[in-house]
Amino acid sequence: GAAAAAPAEVQLSRRRWAVLLLFSSYSLCNAFQWIQYGSVNNVFVRFYDVSAFAIDWLSMSYMLAYIPLLFPVAWLLDKRGLRLIALAGSALNAVGAWVKLGSMKPHLFPVTVLGQVICALAQVFILGMPSRIASVWFGSHEVSTACSIAVFGNQLGIALGFLVPPVLIPNVEDVEKLAYHISIMFFMTAGVASALFVLVILVFREKPPNPPSRAQASIQSRPTAEYSYVQSILRLLRNANFLLLMVTYGLNVGCFYALSTLLNRMVIHHYPGEEVNAGRIGLTIVLSGMVGALISGIWLDRTKTYKQTTLVVYIMSLVGMIIYTFTLSLGHLWVVFVTAGTLGFFMTGYLPLGFEFAAELTYPESEGTSSGLLNVSAQIFGIAFTIGQGQIMDRFCTKAGNLFLCSFLFLGTVMTAFIKADLRRQQANLENEQT
């Protein structure tokens, strides 16, 4: 008992960067498969002869699958560790990609739905991992940067999902030619997903030989019997600051999900025939957001100003959304690129901020559980906002749909101001250093 309680030597592992890069890569592949239909929505509507709403549901299946499966997967993460979750996520991602290759005829829409649902299951094993990998593998001075890089991979996948499909799949009339172009995209995705699964088997490890930080050493030295998964969730749900963050995170990221899913429809409505540029606008949103996410992570590691940074980024997300709303219909594509890029910088840059702020507010609870609850909130709001904005756009106009999102971002900004900066993980690191 005394030996178990003794803190282990703190030391950084060289393998940590390989683990992080590999996770980012298969997260990228999974995120690409999320948006690959939405970025050329009109093309898949014609190929499968289904409604635009049916294609929207291919994206929303990711959100829907996450909600009931979060708790079983988070429990597995706590009980069986990172390696099993990584293997399951990368395997399901590859299987889903291969299933989609069986949907190359217009009447085989149910097969592509099945492939997308399998990929959606894979996403449940991926979304809650960034903060856990960062904490288990990285030191206290680099944990926020590592979390940002882990989120970075997912965002790069969305960026490629906006960029690649419009280039690979031209909007041609001939269904046979269309099927050929779609099959190229599906084959490439399946090949990459399979290679990444093999790399996960060979490279990915459960944890480093030594804990990377004092806070992590304290967690690892705690007897297993002391930890209860159900009690952990109950403690999180009694944490008022975390509950506020959970709602505000859901509002912000839910808006991002709706915006990403419906972007093609919005741009095509104002700029007919501009499918490729619609994809490029999506790419601009995500690429600028990736820069924002990376800067946020580095800034947090240097300043530890979690509350202030989160609030400023939230306010700027609201301002960016308002500007985007009123410039979309001006008739100048370059203006849309600029405003969409500004919006993406802050809205996507918020993602790792939420994860890291949650890890601070809820220490020593599992990062997988806290980030999982944040993601459940995001998926619920994402489905509601995508359906709501889609209906408003169909009945009224795109401006009304975007104002619908602006109102919820305003609500989230106000709620973020009430979160108290109870930085428990920082306190634990300070106390351990002093003793």
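Residue 1 is the first one shown; counting continues down the chain.
In case you wondered, yes, glycine gets a Cβ from its N, Cα and C as well.
What TrEMBL says about a protein is an automatic prediction, not a curated fact.
Record features (TrEMBL):
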- 17-37: transmembrane segment (TRANSMEM)
- 19-424: domain 'Major facilitator superfamily (MFS) profile' (DOMAIN)
- 57-77: transmembrane segment (TRANSMEM)
- 84-101: transmembrane segment (TRANSMEM)
- 107-128: transmembrane segment (TRANSMEM)
- 149-168: transmembrane segment (TRANSMEM)
- 180-204: transmembrane segment (TRANSMEM)
- 242-260: transmembrane segment (TRANSMEM)
- 280-299: transmembrane segment (TRANSMEM)
- 311-327: transmembrane segment (TRANSMEM)
- 333-351: transmembrane segment (TRANSMEM)
- 372-388: transmembrane segment (TRANSMEM)
- 400-419: transmembrane segment (TRANSMEM)
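Confidence in the domain 'Major facilitator superfamily (MFS) profile' (19-424), given as mean pLDDT, stands at 82. Here the transmembrane segment (280-299) has long-range neighbours at 35, 39, 144-149, 151-152, 155-156, 158-163, 166, 259-260, 263-264, 267, 305, 309, 313, 333, 336-337, 340-353, 356, meaning same-chain residues at least 6 beyond its ends whose C-beta is under 8 angstroms from one of its own. Scored on C-beta pairs under 8 angstroms, the neighbour of the transmembrane segment (17-37) with the top count among 84-101, 149-168, 242-260, 311-327, 372-388 is 149-168. In this chain, the transmembrane segment (57-77) touches the transmembrane segment (107-128); three or more CB pairs sit within less than 8 A of each other, excluding pairs fewer than 6 residues apart. Of the ranges 84-101, 149-168, 311-327, 333-351, the one with the most Cβ pairs under 8 Å to the transmembrane segment (180-204) is 84-101. Using the rule of three or more Cβ pairs under 8 Å, pairs at least 6 apart in sequence, the transmembrane segment (311-327) is not in contact with the transmembrane segment (149-168).
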